[in-house]
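Since the structure comes first, as structure tokens, the remarks are kept for the end.
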Amino acid sequence: MNFIAIDHVSLSYGDSKVLKDISLTIEKGELITLLGPSGCGKSTLLRVLAGLETFQEGEIYLDGEEISERAPRDRNVGMVFQSYALFPNMTVFENIAFGLSVKKLSKSVIKEKVNAVLQLVNLEDKADYYPEQLSGGQQQRVSLARSLVIEPKVLLLDEPLSALDAKIRKQLQMDIRALQKKLGITMIFVTHDQEEAMILSDRIFVMSEGEIVQQASPSELYAKPKSKFVATFIGNYNILSADELKQLDSAFSPKRINNKYAIRSETIRLEPIPGEEAIRFHGKLEHTITLGSTIRCYYNTGSVQLTVDLLNRDLEKRELDQDAELYIHRDHIVAIEG
Amino acid sequence: MKAKKTHYTSYLILAIFGLYMLFPFVSTFFYATSTKWSNTMLPNDFTFKWFIQLIEDPNFAAAVIRSFALTFTSLAVVLVVMVPTVFLVYTSFPKVDQFMKGLVLMPYAIPGVILATGLLRMYSGTVIPMYLVLVGALFIGSLPFMYQGIRNSLESIQTKKLIEAAEILGATRLTSFIRIILPNIRLGLLITTLLIFSGFFGEFVLTNLLIGGRYETIRIYMLRRMNENGHLASSIMVAYFLLLIGISLVITYLTSPDRRGPKKSKRHQILGNRISIAESVSILKIGVKKEKRQRI
């Protein structure tokens, strides 16, 4: 039996349907990500799991028990908020101890557990500080510790790193993943950042307009997006119609009329690709953007403009207005739903 | 080194504002400490005799006590009723909140005299004591400050998020309110309370019309003595101002952020007995292990 099962859950605010018949399952010890743009329903789904939103249809199961009707405090879930939601009147120690103290554990047990979790998030020396005296990254680690110390069955993280700067965000991504593996805890992470989702997740659930449009492992999702929405959201894909693709590959014959075709920008090469499945075509370099280790080049083939990501080297191959030979392997052309 | 810019205009505006605020108080003080001040720039003499006369008057002490009694009774009712009510409305009934924001402004629409007349017609001759009617009227009069004051305090601390966090951690709504919300709105609550305290303590129209001479508060006492002697009335005014300033200073001190730093106590100090990461993990997994054992 699945550790978490969300079964045909729907939620509406008046006439507006926020979650549309959502079903998903999660195994114990997995870290899954709900990924999608603002307003797609990912945070609402997380809040439904936490018991903070009331839904109209469906059921939720956690560790074999139905928890749909249970109050948040009876679900045994932990939650980390984007805004930290630390209690300003309490020190770091008291914040972390709060969940244990309301369960009326003895002082010695509370102290032992809080100290353990403080050590885990490297905040031993901040136990007596108030939240306002900590940096954003430290506050989020306190929030994480506060949720972990109650030993929840599942930890829900609602865009916990969005308010942090890039460097701290990357560090905390690593820390969260390491902690999750160390503790073996099930985590559900909400983010709109596809790179963050890729780094953290065992599986990613992409959401759009209240629906899960695709679920897959990060590598599978990146390589095989099912729709134009996923392709554009998850990576830097060139989306071509069947006619446009035929301009590049005369041997191409569309399987379905409605299909679109996605080509990842880094799969288009300037060097010949051996084998019969390679397509060769010409393009004129119109514009480049340096992204760091890669250069994003915009080639015009006459019928279509293609984005090509190249490693930041081989300067001679990137002169503007020069005609260049471009190559794609047919395996890298992914048919997607329009 | 960059020269520090002096904002002369700012200082000038501040000085004018300060003078504007202080001038009436200083003038009243001079009048309260003189026996004659009519056609000269400054008073002719300096004396504390009006203050001494005031302190020696048993009616003054009784009036102060009555004012405090009325103020604290009304404040207690307002706080006990309004704080939990605003909290509940704000957290659980957002639609009622919208309605309340308009409703609490209603006391502004009714002049004190009309309110008092209406209350007298309604309640005089009934079993309800007029003192209670007065407390009720003061309660209604404080609603605009109290409702908005508490509501702003709740909004400024992200109450809804804090409650959600507390509930997920296992707390009931009551526990969250007592242990998290109340301590965090303390400052806002104190400021609002002070505002209302000043209003209640100096309230005149309702008290005079509803109870009048039967319950002589400080303001009614002031009015009576003002007709006798202006210097004495000024000394009451100065004493009244000093009392309010004293209360403001105490509250400012109590709520000063400088009083809250990292705790010096060693009660949570854990550096001395560090534990390993593995131990941390094992401590946190206690629950998981127990659960596994039970299943076996």
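Quick reminder: no glycine exception, Cβ is built from N, Cα and C everywhere.
Automated prediction, rather than curation, is the source of TrEMBL annotations.
What TrEMBL records for B:12-32 (among others) is transmembrane segment.
Residues annotated as domain 'ABC transmembrane type-1' in TrEMBL: B:64-255.
Annotation comment: TrEMBL describes B:68-90 (among others) as transmembrane segment. Same-chain neighbours of the transmembrane segment (B:68-90): 96-97, 100, 131, 134-135, 138-139, 142-143, 146-147, 150-151, 154-155, 159, 177, 181-182, 189, 193, 196-197, 200-201, 207, 215, 217, counting only residues six or more beyond its ends whose CB sits under 8 Å from a CB of the stretch.
If you look up TrEMBL, you'll see B:102-122 (among others) marked as transmembrane segment. Long-range neighbours of the transmembrane segment (B:102-122) within the same chain, counting only residues 6 or more positions beyond its ends whose Cβ lies under 8 Å from a Cβ of the stretch, are 133, 137, 140-141, 143-144, 146-148, 205-206, 209-210.
Within the chain, the transmembrane segment (B:128-150) has long-range Cβ neighbours (under 8 A, six or more residues past its boundaries) at 70, 73-74, 77-78, 81-83, 86-87, 100-101, 104-108, 115-116, 119, 185, 188-189, 191-192, 195-196, 199-200, 203, 206-207, 210-211, 215. Annotation source TrEMBL lists transmembrane segment at B:128-150 (among others).
TrEMBL lists B:188-211 (among others) with the feature transmembrane segment. When Cβ-Cβ distances below 8 Å are used as the criterion, the transmembrane segment (B:188-211) is approached by residues 67-68, 70-71, 74-75, 78-79, 83, 112-113, 115-117, 119-120, 130-131, 133-134, 137-138, 141-142, 145-146, 149-150, 152-153, 156, 182, 217-220, 223, 240, 244, 247-248, 251, 254-255 of the same chain, each at least six residues removed from its ends.
Same-chain residues lying 6+ beyond the ends of the transmembrane segment (B:232-254) with a Cβ under 8 Å from its Cβ atoms: 25, 28-29, 31-33, 50-51, 53-54, 60, 190-191, 194, 197-198, 201-202, 218, 221-222, 225-226. The transmembrane segment annotation in TrEMBL covers B:232-254 (among others).
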